[in-house]
Amino acid sequence: MLWERYMSNSFIKLLVSQLFANLADIFFRVTIIANIYIISKSVIATSLVPILIGISSFVASLLVPLVTKRIALNRVLSLSQFGKTILLAILVGMFTVMQSVAPLVTYLFVVAISILDGFAAPVSYAIVPRYATDLGKANSALSMSGEAVQLVGWGLGGLLFATIGLLPTTFIILILYIISSFLMLFLPKAEVEVLESETNLEILLKGWKLVARDPRLRLFVSANLFEIFSNTIWVSSIILVFVTELLNETESYWGYSNTAYSIGIIISGLIAFRLSEKFLASKWESILFSLIAMAIVTLTILFFPNAQMFLVFSALLGMLSQLKEVPESVFLQETVEENNLVNVYSVLEVISTLAFSVFVLLMSYITESFGISISFWLSAICLMIEAILIYIRRDYFK
């Protein structure tokens, strides 16, 4: 098989187990959101689900270094997945016995499952260098599988809930969780070496100190913040303004652009997988080209608003983002020692979550106050500033 030619057995186990877990997670979110809405008929009650997921994941990301101090990385993945499986089994039992489960009870399960998922997220990134023989191909494969799951998961999850109902759908999710838990039992041991003298506070602050002291990591965080702000124009509440006002299309057209974007990422992931050596030999050039091209495409969408071309440009943006993401991921994994990766990824998760929340509010205010055109211009400018930063510090990538 193609995977076996280029990747280790350990990484394939990680990839497949993550695929089942991620698909189940999306099904779970779709099902719970739909069920809460049916029970409560309240938009606020329904909106609490993604908010609780975000807050729970944020808290878990902060505490991950304390968990990995005591438990090997592979065990964190398997135990967190096993815990999610047990919790979902209890919830399925409640759905079976009771006619309806109160939203408050469902929220508690959402929080508990999301915390466990939040522990697993930074660990799943940090463990890659321990299993992968080719970081370029490994990161491309993970990105492709993740995006394919996103592409299929939301639509299929909604279809399952609409056609077979709550209980059968949650049974399917439970089966996917069980499969993922079983596969994770076979992941090779991957421990993080921790000094016995380190206090819990020192462990929590370790990643922050590493980022503050290493100029390469400071560059990574700074560039990432510009990109996060740029990407906020694609949040539903903002891009819907562009779709309805400039393209004169219905809200559903935004869904088509999301699909096109995901397809672009998958296509580009295949290219990056096949040509990973060339991309990694020219990391800063690949990142720089992608950023400049993304800025140009963003402004082209604004200057030439056309419904059909918008889908083409969405796919192109997806392709360009992937060509940038793979060398960025490898750069980070090569820059940080394996034992410190989980601490750094924990910091990045926290910063990204906070920054995204703040930047979405800021971009929403800008769009509402000054119009969608200004938002697109700001997005393109941020990409160009990021490109300038990468060019100035290109020696960091050698």
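Along the chain as shown, the residues are counted starting at 1.
For all residues, glycine too, the Cβ spot is worked out from N, Cα and C.
According to TrEMBL, the domain 'Major facilitator superfamily (MFS) profile' annotation covers 216-398. The predicted model assigns the domain 'Major facilitator superfamily (MFS) profile' (216-398) a mean pLDDT of 88.
Positions annotated as transmembrane segment by TrEMBL: 12-38 (among others).
Summarising the annotation, TrEMBL assigns transmembrane segment to 44-64 (among others). Counting only same-chain residues 6+ beyond the ends of the transmembrane segment (44-64), those with a CB under 8 A from a CB of the stretch are 29, 32-33, 36-37, 76, 103, 107, 110-111, 114-119, 121-123, 204, 342, 345-346, 349-350, 353-354, 357.
When Cβ-Cβ distances below 8 Å are used as the criterion, the transmembrane segment (76-98) is approached by residues 17, 21, 28, 64, 67-68, 105-106, 109, 112-113, 116-117, 119-120, 123-124, 127, 166-167, 170-171, 173-174, 177-178, 180-181, 184-185, 187 of the same chain, each at least six residues removed from its ends. Summarising the annotation, TrEMBL assigns transmembrane segment to 76-98 (among others).
The feature transmembrane segment is assigned by TrEMBL to 104-128 (among others).
Annotation source TrEMBL lists transmembrane segment at 219-243 (among others).
Remote same-chain residues near the transmembrane segment (255-275) are listed as 6, 136-137, 140-141, 143-144, 147-148, 150-151, 234, 239, 243, 310-312, 314-323, 326 (criterion: CB distance under 8 Å, separation of at least six residues from the stretch ends). Here TrEMBL flags 255-275 (among others) as transmembrane segment.
TrEMBL lists 287-320 (among others) with the feature transmembrane segment.
Taken from TrEMBL, the feature transmembrane segment covers 340-362 (among others).
Look at TrEMBL and you will find 374-392 (among others) tagged as transmembrane segment.
Using the rule of three or more Cβ pairs under 8 Å, pairs at least 6 apart in sequence, the transmembrane segment (287-320) is not in contact with the transmembrane segment (104-128). Between the transmembrane segment (219-243) and the stretches 12-38, 104-128, 340-362, 374-392, Cβ pairs under 8 Å are most numerous for 374-392. Recorded stretches compared: 12-38, 104-128, 374-392; the one with the most Cβ pairs under 8 Å to the transmembrane segment (340-362) is 104-128.
When Cβ-Cβ distances below 8 Å are used as the criterion, the transmembrane segment (104-128) is approached by residues 11, 14, 18, 21, 25, 28, 32, 35-36, 48-49, 52-53, 56-61, 63-64, 67-68, 73-74, 76-77, 80-81, 83-84, 87-88, 90-91, 94, 135, 138-139, 142, 187, 190, 329, 333, 338, 341-342, 344-346, 348-349 of the same chain, each at least six residues removed from its ends.
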